[in-house]
Amino acid sequence: MLSTRDLVAGYDERTVLDGLDLELPADAFTVIVGPNACGKSTLLRTLARLIAPRSGSVLLDGKAIQELPTREVARRLAVLPQSPLVPEGVTVADLVGRGRQPYQRWWRQWSEEDSAAVERAMVLADVAGLADRPVDTLSGGQRQRVWIAMTLAQDTEALLLDEPTTFLDLAHQVEVLDLLHRLRVERGRTVVAVLHDLNQAARYADHLVAMRAGAVVAAGPPREILDADLVREVFGLDCVVVPCPVTGAPLVVPALTSPTLATTTVVPSGAAPSALDATSPTGSTGVTPAGSENALAGSYPSEGH
Amino acid sequence: MTAPSRARTVAATTGEPVATPSVAARLPGRSLLRLGPLSLQIRRRSVLVAAVLVVLLAAAAVLSLSLGTPYVAPADVLHALSGAGTPYDLVVLDLRLPRVVLAAVAGAAFGVAGTLIQSVARNPLASPDVIGITQGAGLAATIALTSGAAAVVVAPAALAGGLVAAVVVLALGARHGLAAQRFVLAGVAVAFALRALTEIVMITAEAIDGQRAQIWLVGTLAGKGWAEAAWIGGALLVLLPVLAWAGWALNSSALDDDTARGIGLRPVARRIGLAGAGVLVAAMVTAQVGAVDFVALVAPQVARRLVRSERPPLVCAALLGALLLVLADLAGRRLFAPTQLPAGVLTAAIGGPYLMYLLLRGRKRSS
């Protein structure tokens, strides 16, 4: 539903994206990865019409997004910016209610539909119990769920998120990603997120977009495209890619960079760069026991390809 | 084009069993006001605060109509106001009422202007008397008063001066879409430059003209009444549709630009609209009553703390501004009677300590 045509975008004098063509599949969880300053946030912000392209266009269902009324876009596409400013003293329900803005006017500030949508969004993001709390008193993980609830209240088909897990601890990262996964699987939403963690990207994405220096290096299902070559090309890092013991998705483990890091002789130091086939028995220290592995794997619906 | 409807049906068919309409989905602390096609979100605490302020304003007005030489008992003031025809009609209705009404209208206008500009800049310092609008009006008025121009020219000149200063500030602050910091900094710089120019004009003028300008610059309601109140009230009335929209639009002023764009707003256009309305009101009221300091700065901040909202509330700030200026004018008239102090001197004397008190109390609560 979202695509770019010959997109050129950037800030002030600096051109970040230079002639980007990209197709983002509908009803999929797309994750954009890449090194710092590769233009992934710029891409997401341009896709969400937060910055205007210098030339080329972003197409939403075939129409240039810049030419559509911004309210109409906001009913079809919601975006969570990287670190939104938390307004002081605003309650959770109030903030989630702001997501109804595209359906409101100053003479029609609230409707039954608004109430229903806010309620649904708060239940879905598991913040209904916090409705009366001021957002600035919440923990980072709760806050992020509130922001996601706000975007859910927009009732859009697509949801774009710029590094939604940054500044969260591991458990809260998983919580947020699980929520996004559920939105895709249970609600059929199109989700596009910029993530830093390759392994999380591989675990949750249906469609992975790897970027470097403002260009797309590879795009496709992570199980098909994510290998040691790609990681080296994109991040300039040698690594070993093995199947994740829990999900079977590609798991990226940086190669041994210093012999003093290895306490036991796990990987021959010379083997890592050439360990292209993921089936090689590398890095198998302390893997989860088989029983719990199955139990964990069972709790995650398969990616459904 | 089928996308939105499909998204809607997805949500509808999976309607959560939990979705029995409950209080949770209502906005905490707010009620809905339905009037025909209108449905407005009303903060319950603002209604309470506004009601208290209206009562206090009425009491202050009656007090101001009553105190003075001669003293008129409040009962007689009310009797005179009812139009019954009393011996006090001349003192209450003709001498004191115009000035009290002017104080209320001008105070309300300062409150509105301060709320709009402070909210746009997300900075309490961005009030018209800090960011150069008052100083622009002051410079123009000083030039008019010291150059021997006719008295009728002073107000239009001040209005023009305030607007020109505002345009300069907005133009300087406009890069990066009126980013808050830049806007305030530009305003402070312009204010200082204009104040220096005003000093130069005053010093080089005849002493008597300089003194007249000095009084204008402090802001006084002495010798003013219906005509000035009508100008300010008229401006507020003309801007009423804009203000009705502003009351709603200010709700999103606390959101950052990306978030605002994401929910379908155009934050820069919105800020220009809100700031433009605020500047017009500020220039208009300053042109009529002079540079009354501090009301526009303090009224929105005190109102915000009373209502406990994240941004200054428009109606309560207007009522508070009105109350503050009525009290300041009363104090100026009576405190050192028969010597009259300009209201502008006392607004800061009354409003300042109260804001300090609220700041201290707020710090204790948050720590």
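Cβ coordinates come from backbone N, Cα and C, glycine included.
Note that TrEMBL annotation is computational and uncurated.
Residues 73-74, 76-78, 81, 92, 96-97, 100, 103-104, 303, 306-307, 313, 315-316, 319-320, 322-323, 326-327, 329-330, 333-334 of the same chain lie 6 or more positions beyond the ends of the transmembrane segment (B:47-67) yet place their CB under 8 Å from a CB of it. Positions annotated as transmembrane segment by TrEMBL: B:47-67 (among others).
Feature annotation from TrEMBL assigns transmembrane segment to B:97-117 (among others).
Same-chain residues lying 6 or more positions outside the transmembrane segment (B:138-171) and placing a CB less than 8 Å from one of its CB atoms are 128, 131-132, 178, 183, 186-187, 190, 194-195, 197-198, 201-202, 205-206, 209-210, 212-213, 216-217, 228, 231, 272, 275-276, 279-280, 282-284, 286-288, 290-291. Under the heading transmembrane segment, TrEMBL lists B:138-171 (among others).
Here TrEMBL flags B:183-208 (among others) as transmembrane segment.
Residues or ranges marked as transmembrane segment in TrEMBL: B:229-248 (among others).
What TrEMBL lists as transmembrane segment is B:274-299 (among others).
Here TrEMBL flags B:311-328 (among others) as transmembrane segment.
TrEMBL lists B:340-360 (among others) with the feature transmembrane segment.
Among the stretches B:97-117, B:183-208, B:229-248, B:340-360, the one making the largest number of Cβ pairs under 8 Å with the transmembrane segment (B:274-299) is B:97-117. Ranked by the number of CB pairs under 8 Å to the transmembrane segment (B:311-328), the listed stretches B:97-117, B:229-248, B:340-360 are led by B:97-117.
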